[in-house]
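Asker: Pasting the relevant annotations from TrEMBL:
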{"type": "DOMAIN", "residues": "18-465", "note": "domain 'Major facilitator superfamily (MFS) profile'"}
{"type": "TRANSMEM", "residues": "12-31", "note": "transmembrane segment"}
{"type": "TRANSMEM", "residues": "72-91", "note": "transmembrane segment"}
{"type": "TRANSMEM", "residues": "103-121", "note": "transmembrane segment"}
{"type": "TRANSMEM", "residues": "127-149", "note": "transmembrane segment"}
{"type": "TRANSMEM", "residues": "161-179", "note": "transmembrane segment"}
{"type": "TRANSMEM", "residues": "191-212", "note": "transmembrane segment"}
{"type": "TRANSMEM", "residues": "274-298", "note": "transmembrane segment"}
{"type": "TRANSMEM", "residues": "310-333", "note": "transmembrane segment"}
{"type": "TRANSMEM", "residues": "373-399", "note": "transmembrane segment"}
{"type": "TRANSMEM", "residues": "411-432", "note": "transmembrane segment"}
{"type": "TRANSMEM", "residues": "438-461", "note": "transmembrane segment"}
Amino acid sequence: MSNAEMNNSKITIYVLSCWIFAAFGGLMFGYDIGISGGVSGMDDFLIKFFPHVYERKLYAKENNYCKYDDQLLQLFTSSLYLSALVASFFASKTATKLGRRPTIFMAAIFFLFGAALSAAANNKLVLISGRILFGIGVGFANETVPLFLTEVAPIQHRGAVNILFQLFVTIGIFIANLVNYGTSMMHPNGWRMSLGFAALPALFLLFGCFVITDTPTSLIERGKEEQGKAALIKIRGVSNVEAEYQEIVAACEKAKQVKHPFRNLAKAASIPPLVIAISLQIFQQFTGINAIMFYAPVLFQTMGFRTDGSLLSSVITGLVNVGSTFVSIYLVDKVGRRKLLLQSCCQMLISQLAIGAILVTNLEETGTLDRKLAAIVVLLVCTYVMSFAWSWGPFCWLIPSETFPLETRTAGFAFAVSTNMLFTSLIAQAFLTMLCKMQAYIFFFFSGWIVVMGLFVIFFLPETKGIPIDSMVERVWMQHPVWKKFF
């Protein structure tokens, strides 16, 4: 496509509503990330399900780094991600066979049932079952929503539109922090309200499924050419879409020749996007972001903030997270992906090293941090969250959704989502134990990974700004000094 054809689109009210309704899938995911850590620190919740953790928390000379170290408590958080991991592969199949929109609809239904079960739980089995249903909803949404946004976005705004998913993740985290702050004072069932409110973003997503169209790519891929062309005209806001339509048709014809997309991922030409997709997900988790976001309230309590003070501190970091994602939306299609990723590596590294140094030298196993130092740590956590939010947060969903060719797009993205969920669950399951064993040195552990990530971006990650998703092979992979040998 020429540049004129590439930019042939108008942003209409309808297309805006498609982007925003689909992005509520991100809000479901973000709300759950934010709610888990806050609920895990609520006394009423601990007394009901984890009384031994509550007992340990009450000890006068408790170990700051070990008071929440409990495998079952960590399973409450990580079970969601393990079920999302498995669900993403089923979602890949339904997204290909049934379409993107029906798969998003299923995500909302699973999430609604998860919210109902979690809020009504009276024992650990029901509680964990609710988490598993949440996880299936997250697996279906995270597999399909970024693909949906990438496929409906005009090329010149593709980065910004895809980042709406991550923006809504951050809004979900922020809302969850506010909810936790309010419900922590509602005894004894505040935690039930926190978990039950997860139904609201799912209801918005469910309603949105009756408004949005399926993507032109998905419709044409399933043999519905006329509906696909009509959907393309509708989401572009112009009638002259022939060049883009023909490009999608050509990609779909090529995709039809591939009968086993998962098997096709083993071929040499699939290795570059697969390596990039999986590596980005691993690196995203080893920035330490979810460790900080899951357990921000617990982390701030470790530093000596009271329960409500720690929740308020995590509300502040949540607000920074949302605001900084807008920076990404503004810059991604102007500056590109690589520069923002490298800049953030530098900022995150400095922040993590400084947090580690303050805690190593000033926070003993018992006692608290000096108030000024505690405020500095909150500030450093904010600068760290800020840099993550305009780079590694959104780009780990954006880049894999735009680099796979159509014939392996849903299968390849399923590997990206499942890798993200696997490492999210590993970090969720291990972080409180790592905090107990490594203490403040855990921040140096994550710093080492940030250095590795920066080197990976320099040598292996190509720039994808402004390139049509169906031209990636010719214009990105075949031009890259490392990856061109695979073609």
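The backbone N, Cα and C atoms fix where each Cβ goes, and this holds for glycine too.
In the displayed structure, how are the listed features positioned relative to their neighbours?
Answerer: The list of residues near the transmembrane segment (12-31) in space but at least 6 beyond its ends in sequence, with Cβ under 8 angstroms from a Cβ of it, reads 104, 107-108, 111, 137-138, 141-142, 144-145, 148-149, 152-153, 161, 164-176, 197-198, 201-202, 204-205, 207-209, 211-213, 234-237.
Non-local neighbours of the transmembrane segment (72-91) in the same chain are 32, 36-37, 40, 46, 49-50, 53, 103, 106-107, 110, 124, 127-128, 131-140, 142-144, 294, 414, 417-418, 421-422, 424-426, 428-433; each lies 6+ residues outside the stretch with a CB under 8 Å from one of its CB atoms.
With a cut-off of 8 Å between Cβ atoms, the residues of this chain six or more beyond the transmembrane segment (103-121) that come close are 22, 25, 28, 87, 91, 94-95, 127, 129-141, 143-145, 148, 192-193, 195-199, 201-203, 205-206, 208-209, 212.
For the transmembrane segment (161-179), the residues of the chain that approach it from at least six positions outside its boundaries are 19-20, 22-35, 38, 145-146, 149-150, 152-154, 193-194, 197, 201, 293, 296, 311, 314-315, 317-319, 321-322, 324-326, 328-329, 332, 389, 393-394, 397-398, 401-402, judged by C-beta separation under 8 angstroms.
Remote same-chain residues near the transmembrane segment (191-212) are listed as 17-18, 20-22, 24-25, 27-28, 31-32, 35, 38-39, 42, 44-45, 48, 101, 104-105, 107-109, 111-112, 114-116, 118-121, 130, 134, 137, 141, 148, 172, 176, 179-180, 183 (criterion: CB distance under 8 Å, separation of at least six residues from the stretch ends).
Long-range contacts of the transmembrane segment (310-333) within the same chain, counting only residues at least 6 positions beyond its ends with a Cβ under 8 Å from a Cβ of the stretch, are 34, 37-38, 41, 156-160, 163-164, 166-167, 170-171, 173-174, 176-178, 180-181, 184, 292-293, 296-301, 340, 378, 381-382, 385-391, 393-395, 398, 465-466.
Sequence-distant contacts of the transmembrane segment (373-399) (same chain, at least 6 residues past either end, Cβ-Cβ under 8 Å): 142, 146, 150, 159, 162-163, 165-167, 169-170, 276-277, 280-281, 283-284, 287, 289, 292-293, 296, 300, 303-305, 313, 316-317, 320-325, 327-328, 331-332, 337, 340-341, 343-344, 347-348, 350-352, 354-355, 358-359, 362, 416, 420, 453, 461, 464.
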Asker: Take every residue in the domain 'Major facilitator superfamily (MFS) profile' (18-465), average their pLDDT values, and give the whole-number result.
Answerer: 89
Asker: Using a Cβ-Cβ cut-off of under 8 Å, list the residues of the same chain that are 6+ residues beyond the ends of the transmembrane segment (438-461) and lie near it.
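Answerer: Counting only partners 6 or more residues beyond its ends, the transmembrane segment (438-461) has Cβ contacts under 8 Å with 65, 275-276, 279, 283, 286-288, 291, 337-338, 341-342, 345-346, 348-349, 352-353, 355-356, 359-360, 363, 365, 392, 399, 431, 482-483.
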Asker: Could you tell me what the rest of the chain brings near the transmembrane segment (127-149), counting residues at least six beyond its ends with Cβ under 8 Å?
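Answerer: Distal contacts: 19, 22-23, 25-26, 28-29, 32, 49, 75-76, 79-88, 90-92, 94-95, 100-101, 103-104, 106-119, 121, 161-162, 164-165, 195, 198, 202, 205, 212, 215, 397-398, 400-401, 409-410, 413-414, 417-418, 420-421.
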